[in-house]
Amino acid sequence: MRCHLLVLKVLLSVLSTEMMTMVQAVCPPMCSCRETVVNCSKRGLTTATLPSSFPPHTSELYLNDNHLTSLPNNLLESLASLRLAHLHGNPWSCDCGILYLRGWLLKERNDALIRNVTCSSPAHLRGRLVVYLVEEEVLESCRYWMCNLALASQISLFIFIVVQALLLVSVILFLRRFERLTREARRTAAETFTPGDDAPSNEYVMLKDRSM
Ligand SMILES: *[C@@H]1O[C@H](CO)[C@@H](O)[C@H](O)[C@H]1NC(C)=O
Ligand SMILES: *[C@@H]1O[C@H](CO)[C@@H](O)[C@H](O)[C@H]1NC(C)=O
């Protein structure tokens, strides 16, 4: 009986690991998949609602005609078998967040794909091919953000230094107090022993007197 239970347990665990690998390979619920072709086009996807991963053996990925403004870092690199990604018909936003997609497109050899990925915003970059953006143009839009970051880090550095100074002052105060207490304790101890201390000097004086 116990043996049967054990066999059942082993079978169940094997089954559940099988299920796990199958779940990883399944098609994202809002997309349709045929063999290794994953179609997520015209699903009204935004960067926030985009599936966080795709089946690992995806060879062709349709993300066209959605509302994507950028792609999360490493989304496409994680698909080792990916041959083609359709990205046209999305309102790509050409600010800091586009650098990952630009880097990925730079490594692509597919001219038709590259020519299909254009900026929708900001206004002065509208219609430009993402792949041909100059890094400075994109970084321009990051400057405001970077300024905020720099300010935030300076403020946190200042707070850090103030806290350190307060700690140092409290340590110094504590040491001073400790020193005073030890000095007082030593004095009290010395006073307790005074009568005993006097005896030898008196003897010495007496000796001195006798010799004279
Ligand atoms: C992908 O899905 C969309 C929407 O359902 C459909 O219009 C389109 O034909 C499909 N594309 C392919 C290649 O299956
Ligand atoms: C480029 O976009 C056109 C529609 O604008 C589409 O028909 C074509 O398949 C796209 N090509 C690639 C490689 O994405």
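Numbering starts at 1 and runs along the chain as displayed.
Glycine residues also receive a Cβ, built from the backbone N, Cα and C atoms like all the rest.
TrEMBL annotations:
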type	residues	note
DOMAIN	26-60	domain 'LRRNT'
DOMAIN	90-143	domain 'LRRCT'
SIGNAL	1-25	signal peptide
TRANSMEM	155-175	transmembrane segment
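Beyond the ends of the domain 'LRRNT' (26-60), by six or more residues, the same chain brings 66-72, 75, 78-86, 89 to within a C-beta distance below 8 angstroms of the stretch. Across the range of the domain 'LRRCT' (90-143), the DSSP-based residue counts are 32 helix, 7 strand, 15 coil. Residue counts for the domain 'LRRNT' (26-60) by DSSP state, with H, G and I taken as helix and E and B as strand, are 0 helix, 8 strand, 27 coil.
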